[in-house]
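Peer 1: Sharing a structure, written as structure tokens. Questions coming.
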């Protein structure tokens, strides 16, 4: 009887979110798997099953592989660049000032910088996209190119050179993400007991040594979480690329990613079945990435 | 679709909202708009049962409400609300008209087609228009044969098909049936500032040599000869190249491309047209325009930073708000590329556009057909021209109206062209994948990253792939 009441109580709380989650998340996922086996065009009332044809076609689709390659680059560069920069800033903001008064302090004005770093995070992706469109604009009205032209240099086609466009977009993604991870890592650093640093400092450790021997090892869990988040973000990028580069991943598809291709196939070409197959592929990629990262970086927890 | 996707604030917000919804980790959610119940599509309502009354040829139930969805893009939606719907209500005072304006035709209507609660009249336009071939396959589009055979409102002795531009009838067909009404007429070629030319004493070039000579003269004054928007509107240049190919080799060049004829893209006129324009870009262009969208490019045009811009006659109304007094839009035909062009100088493209259809399985298809008949009356058409400064397919409807100078120049150019009218490329609507690929590749060839030959073979390869793809329904055209 006692047990019934406890479980009933818990179940009462869980029922509504579970139902919502099932209806709005699980069932569309399941349906995407179903539709990926059909050649549904988005309007017909009947599903015509074609087996694994869509997946076979994926393997031979040059654009699909180009999108995958771009995901690969994003997956390598986005987390590393963001985490390195964010760790650096977080260290400076929290511990970079050295021992001052009781415990460690950040560099002068760190409260102000903290707010500034967080600004990009509050902006909607679309706003960031429009903003950087103006920054990257290829003529004299662009922020960067305007300055370059005034200095007598050749303007750079940030978003129109196929070799440059993806990097220009990654730079924006990093710029936008850093603020959040600075805050995340700052919280992690605040949880590290001050006496560790004091003890190390007494033994003569410099800031670099403090960072690598104390801060980084004790932040491991936080960094790992950040890595997974950023990895998943690397599988998206849809909104930013759509606004900044265009809805075909311009130029020449050099910046295309799977979500862009899914959108194009489903809504422009009415190939909803094929698009769903891409969605399923993307699902497995994301899950594989998350599982792999969590597995390979698992380790004994350190109790602080 | 006449206007490239102009991103409005609302669209952006929607897009981002969609991102959150659609492209979470694993974009499997895409199928959120589920399939229907799985029942066989009902037999489509063929054009409504005729009635003997010429004032109500479709036998409209005067009490039944009518639902209208308008694409609120460059033309706005006032023409529908204040003219056509008002006329409908005048004819049937007892009927309620439900008006809906959107920029997201496909996003809004697709679920309705699956569920069955469709609007009766749809203005299918904009970057997110519905795929009409897919809808036609499912029998969602009402047959318009009855409409074209119905008496005109202005003169019951004449049928609708006799009072509209003949291109309306050619372009109505999907799978051989009349399903789509194209409502506007537009003139496409190169557009320039007549006042600038008058001030400088420049003449509109008639041959390619004159064209490049003018390019040198303009360069000396810091003006570009030609530019097109590499963002959102590169298809303006794809059109331009195709029309140039038709000028060199006759309309057959475009018809073959539309019909997916083997080797159509590798035909000599297509190659010559691509080469000619890629040369212009290399010698007289500015690569910065590859990164500008249509609005940015059009503003630069208004500032006299470039001479010629490839677009259609809607440009005048589109830029009306920004147009300075020193600018007057005028149309210039594509200059002769070779000495032996099949079409003489003066040939321009005159095409119909802006799709409307009646939903076959809506609640009031008869009312929908009547609504289109009202649109095709002189009063309805004139009201549209007054509201949007664009011409309609209704013959003589704009007579006596005070047209802006750009439209007058287009009408004059059409008179001068006579029979030498360049046809529209219909694969844009038929094989969107091929067209999208073309808009991507035209930037690549114009930027000089591939040669015109490579452009032609890439387009041919894509066209061949579409031809082989059994999941893409095929269309053919005659003339």
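Placement of Cβ uses the backbone N, Cα and C atoms for every residue, glycine included.
Here the structure is a predicted model, which means the values were calculated and not measured.
Summarising the annotation, TrEMBL assigns domain 'ABC transmembrane type-1' to A:68-293. The transmembrane segment annotation in TrEMBL covers A:7-30, A:73-99, A:111-132, A:164-184, A:227-245, A:272-294.
In the displayed structure, how are the listed features positioned relative to their neighbours?
Peer 2: Same-chain residues lying 6 or more positions outside the transmembrane segment (A:7-30) and placing a CB less than 8 Å from one of its CB atoms are 283.
Non-local neighbours of the transmembrane segment (A:73-99) in the same chain are 105-108, 110, 113-114, 117, 166, 170, 173-174, 177-178, 181-182, 184-186, 188-190, 197-198, 201, 207, 210-211, 215-216, 219, 223, 226-227, 230-231, 233-235, 237, 257, 289; each lies 6+ residues outside the stretch with a CB under 8 Å from one of its CB atoms.
Outside the transmembrane segment (A:111-132), and at least 6 residues removed from its termini, the chain residues within Cβ reach (under 8 Å) are 89, 93, 172, 175-180, 182-183, 186, 239-240, 242-244.
Within the chain, the transmembrane segment (A:164-184) has long-range Cβ neighbours (under 8 A, six or more residues past its boundaries) at 70, 73-74, 77-78, 81-83, 85-87, 89-90, 93, 114, 117-121, 123, 125, 128-129, 132, 136, 156-158, 222, 225-226, 230, 233, 237, 240-241, 244-245, 250-251, 254-255.
Same-chain residues lying 6+ beyond the ends of the transmembrane segment (A:227-245) with a Cβ under 8 Å from its Cβ atoms: 71, 74-75, 78-79, 82-83, 125-126, 128-130, 132-133, 136, 159, 165, 169, 172-173, 177, 181, 251, 255-260, 263, 282, 285-286, 289-290, 293-294, 297.
Outside the transmembrane segment (A:272-294) by six or more residues, the chain places 29, 32-33, 35-42, 50, 54-55, 57-58, 64, 71, 75, 224, 227-228, 231-232, 235, 258-259, 261-263, 265-266 with a CB less than 8 A from a CB of the stretch.
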